[in-house]
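Please read the structure below before turning to the comments.
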Amino acid sequence: LFRQNPSENENFRPAEFHWKLDQVCDKEWHHYVLNVDIPTVALYVDGVSYDPFLVTEDYPLRHSKIETQLVVGACWQEFSGNENENETVTEAYPGGEFRMAQYFQGNLAGLMIRTGKIESKKVIDCLYTCKEGLDLLDENLDNGVMVHFNPSQSVLGLEGDDLENFDKSMQHVSYLNSRQFPTPGIRRLKITTTLKCFNEETCISVPDVEGYVMVLQPDEPKISVSGIDHFARAASEFVSHEGVPLFPELKIVSTITREVEPEGEDEDEPTVQESMVSEEIMHNLDTCEITVLGDELNPEEETLEVDQSQLQQRGMETSNSSTGMTVTGVDTMASYEEMLHLIRYRNWNTETLFERKFKLVCSELNGRYTSNEFSVEVNVIHTANPVEHPNHLMAQPQFVHPVHHSSVDLSGHNLANPHPSSVVPSAATIVIVVCVSFLVFMIILGVFRIRAAHQRTLSDQENGKENEMDWDDSALTITVNPMETYEDQHSSEEEEEEEDEEEEEEEERGRRRRRG
């Protein structure tokens, strides 16, 4: 039932669409799809399209203060007084009461309403068709055997006249499962055979044959989540509108470990490590949950945020609570990485906040395969308020200089302060002055030590020379030759006599000069 909105044109338009289906009330589950594109409505049951057998028209709705509503499983109509709420009222009685009627009797599961787009037949088949079913892998299909499937490929039918060709076709019937991680277990089969005979009296009945296919446990993937697990940011970043990204360098990798048969006929059997090989694979994820560790989130002071437009483009949804955030939607690991990079943590009361811890877990196939628990700790850097100069005097420029802070990663501890102070005293200048003073002191001390050492060396040399002039006659022995002594005495006496004579001659000369 689809009624027009109130309008000035009182024209009849299709309003009710009716179908008669064999699947109704058969106590079986069926897949229904309705494509509504007024004035046409298409119905697909188990992937097969059905045309309505009756379409009735009606006027547009009257103007009312009550807004139009979308109802699934009931109809808003006038109550006729009959307790049978499934009765269709064809005539409206004045003064009657309106109520919901014609309720759907049954069970609904997986209801999804998508507006603004009509799905194609290919998409509908993909939604319904199971990824496991029967198939006939026979290249010789032109052997007189007719093959037909139901939409879900859970039933395969063969018809033929030639018994030999019929048997060959039956030998090529296969079970297919295109799931990356099929559910292990038994798949039961049943073969029903019907014979057509020219003489029904001579026809025989063929008993049913039952069997099963065992699907083994697949290699389970190991989903690993890694990234920076500890970093710090300035308090101003938490208060800002952008917030602080929790997973800036997150990586999601999935691997499987499988056994490899050894090549060749080696006598030595390979070890367990040699026969196991780890391979990286790509698959989808359907849930990632961010949980806060410690105290729950206070919605008045802190929150987890993400760009909703980016999520809608990927077909994902989020749900927030005091314990964290949950992201749902089937998508690739790469898409989940990009989405997790966008999650931000904001806190506009950071005066008493020093750290916050979060935990991330991703899963696939409704929690069948889960990743490791990746924990991240965020620290808050509190900066001291700048000290004001007394008497409102500006500091001398030679004692202050601007400081520009930059983000630095040290062993996973990311310290960043993007809001530097305008002018602060230079600690580097003080350090340089102290170092230079110490260097000058060491140079002067070295000069004094060198001069003192030089003076000690000169003093030692002079003392050594004086010691060399002293005679050591402790072991001296002198032998005198009497003849040499006599000659020496005689020669010395002669020399003395000659000197006396020379002196007398000089005195005589002196007297003569005086007289003259």
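Glycine is no exception: its Cβ is also placed from the backbone N, Cα and C atoms.
The domain 'Calsyntenin C-terminal' annotation in TrEMBL covers 138-487.
Among the features that TrEMBL reports, region 'Disordered' is placed at 308-327 (among others).
The compositional bias 'Polar residues' annotation in TrEMBL covers 308-326. For the compositional bias 'Polar residues' (308-326), the list of distant contacts is 287-292, 296-299, 335, 338-339, 342-343, 358: same-chain residues at least six beyond its ends, Cβ to Cβ under 8 Å.
The transmembrane segment annotation in TrEMBL covers 427-448.
Per TrEMBL, region 'Disordered' is recorded for 459-516 (among others).
According to TrEMBL, the feature compositional bias 'Basic and acidic residues' maps to 459-468.
Positions annotated as compositional bias 'Acidic residues' by TrEMBL: 493-507.
Mean pLDDT across the domain 'Calsyntenin C-terminal' (138-487) comes to 79 in this model. Here the compositional bias 'Polar residues' (308-326) has, by DSSP, the following mix of helix, strand and coil residues: 7 helix, 8 strand, 4 coil.
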